[in-house]
Structure formats: C-alpha cells, structure tokens
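Below you'll find the structure, written out as structure tokens, and then a few comments.
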C-alpha cells in the first residue's frame, strides 16, 4: 500500500501562499492499553487508557474564504449531511465562539478506514479546530479549543492537545506522557463494530482495579474490550491471531483495527509484506507529538523568521 507517512510530506508543506490551500495532517491514534474500572450511574464507563498518535492518517486541505463566511466542505460523504459532518460542525463552532467573519474551503483526503477505532472522525474535527484557529487568527487557547472539541466527541480533546496522553474517568482527565515510540502494523478487518453492543455485553470486564500510570506503563499492555469483540466479530479474531504469530498484538479501542508492535521499521515492513489480501492495513510509527502540532510549530517559526528579516534597501 502507498505510504502516507506525515514525516516525509511535512517537509514540503509549510510554505503559505495567498489563496492556496495548506495541507494539514489529521493523524490516527492507537489506544495502547484500555482498562474499564467501573460504570457511573449515568451509564458511562470509567476508563484508564493510553493514547499515542501515528505517523499516518488523513489530510485536510484548507484555504480561507475572504468573500464570505461560508464553510465549503468536499467531498460529500454518502448518507451524511454536511451539517452533521464533524469537520463542518467544528468549523462552525469556532466561527461562533470567536466571532469569525471569514469562511473556509476544506477538502478531506480520506485515507483512514471508517469505523476502525483509530480516531479518524475525532482527528478530523480536531484538525479543523486547530488549523482554522491558526488560519483565521482566532487566538483561542488549546484549552478553549479542547472544550469546544469535547462537545463534538470524547476523543477530540486528545487530538486538540496534540500529545500522547493517559486518560482517566470518561476520558476528561488527561496527563501527558512519553511511551516508547515503536513501529506498528495495523490491520482493519472487514467488520463494522458497534461500540454500544460491546459496552452492553454482560461479559465485558467492568471492575479492573485502578493503577497508577507508572505501574501501568511497567506492565504488559492489554485491552479489556478485546475478548468481547472477538466473540462477536470473527474477522477481528482472524486478524489478531495472524498478527500474534509475529509479535505482541491487541485491539485498539473497541476496534475493528488491531495492531502489532515492533522495535524497528524493517521488522514491521517484513511482516506487513506477508499480510493477507483480505485485510486493509498500513505500517506507521508511534508519535508522542501530533504531526499537526509539529507542522504548526514549523509554520509559526517560519512566519516569525520572515517577520524578523531586515528590509533590503
């Protein structure tokens, strides 16, 4: 499969041109571990999970519309009204919050699988918020953007913050951390997972003891949803069993994606070349700093450098 790793592409993508769209990365994520500690009276589950970004994902091509305040989003997604799209909703939220009179043209280059548990929709929403905050010069803080993002989805603030994080509660308590940046083979089985079905299953563990982050990082990582998911979805079980032949492997989130971890890229690529054709998949490196935030840091640095150049007389 064609590589869409951000690290090589970003080097050529940090020059701003008037009227021309900029390409902003919208990275995937993995839940390196996921434990369910209990259930709140409101029905939400209490979790402990570790998020890490991947050097792989979608792209959003964004340009400012100065002639009006319209949000023009392409392409259309079948069976999804534009006003219900998370990208569109994120842009409108930011417009209203910061009283922005400008608009935007946004094109989604969709690469990540739908319903894979790698955060595609949440990442798209966060990239829209963070990128438009920069382009429109809305000047909202990361915390303000994260609060907006939380109204769109529980995982959106993680992508807005842009750093690998340990999340607790229902995901609202976030602690930045630095897990090892390993290489991963990620497979997407041909199953569409119902998160509601998984969390309503009576066999789902709901009493895993809470532990400190230090203790969790020192132990083998697990996902409490994994056994229930493979009991419901045979293709997930097949993909997981295939990966387990080569390396430690597990489910991310509630799936359907599964992943195996490797210390070196060559090992991951060698396994990926043997992948059964039935599975969509890719190889990516784990990143503790989001490629989106790395790009914005480069853009800000370039802009500051240009402003500080002496005039030539």
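Glycine is treated like the rest: Cβ placed from N, Cα and C.
The DSSP secondary structure for residue 29 (active site) is strand. With a 10 A radius on its CB, residue 29 (active site) counts 26 other CB atoms from all the protein chains. Annotation comment: Swiss-Prot describes 29 (among others) as active site, evidence class sequence analysis.
In this view, residue 155 (active site) is surrounded by 23 other Cβ atoms within 10 Å of its Cβ, with every protein chain counted. According to Swiss-Prot, the feature active site maps to 155 (among others).
When other Cβ atoms within 10 Å of the Cβ of residue 119 (ATP binding site) are tallied across all protein chains shown, the result is 29. Taken from Swiss-Prot, the feature ATP binding site applies to 113, 114, 115, 116, 117, 118, 119, 120, 121, 122, 123.
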By Cα-Cα distance, the member of recorded positions 113, 115, 119, 121, 155 nearest residue 29 (active site): 119
Cβ atoms near residue 123 (ATP binding site) (within 10 Å, other residues, all chains): 30
ATP site shell beyond 113, 114, 115, 116, 117, 118, 119, 120, 121, 122, 123, criterion: Cβ within 8 Å of Cβ centroid: 28, 112
Those binding-site residues, out of 113, 115, 117, 119, 123, that come within 10 angstroms of residue 155 (active site) at the Cα: 119, 123
Entry from the binding-site residues list 113, 115, 117, 121 having the most other CB atoms no farther than 10 A: 117
Where residue 117 (ATP binding site) sits in the secondary structure, as DSSP reduces it to three classes: coil
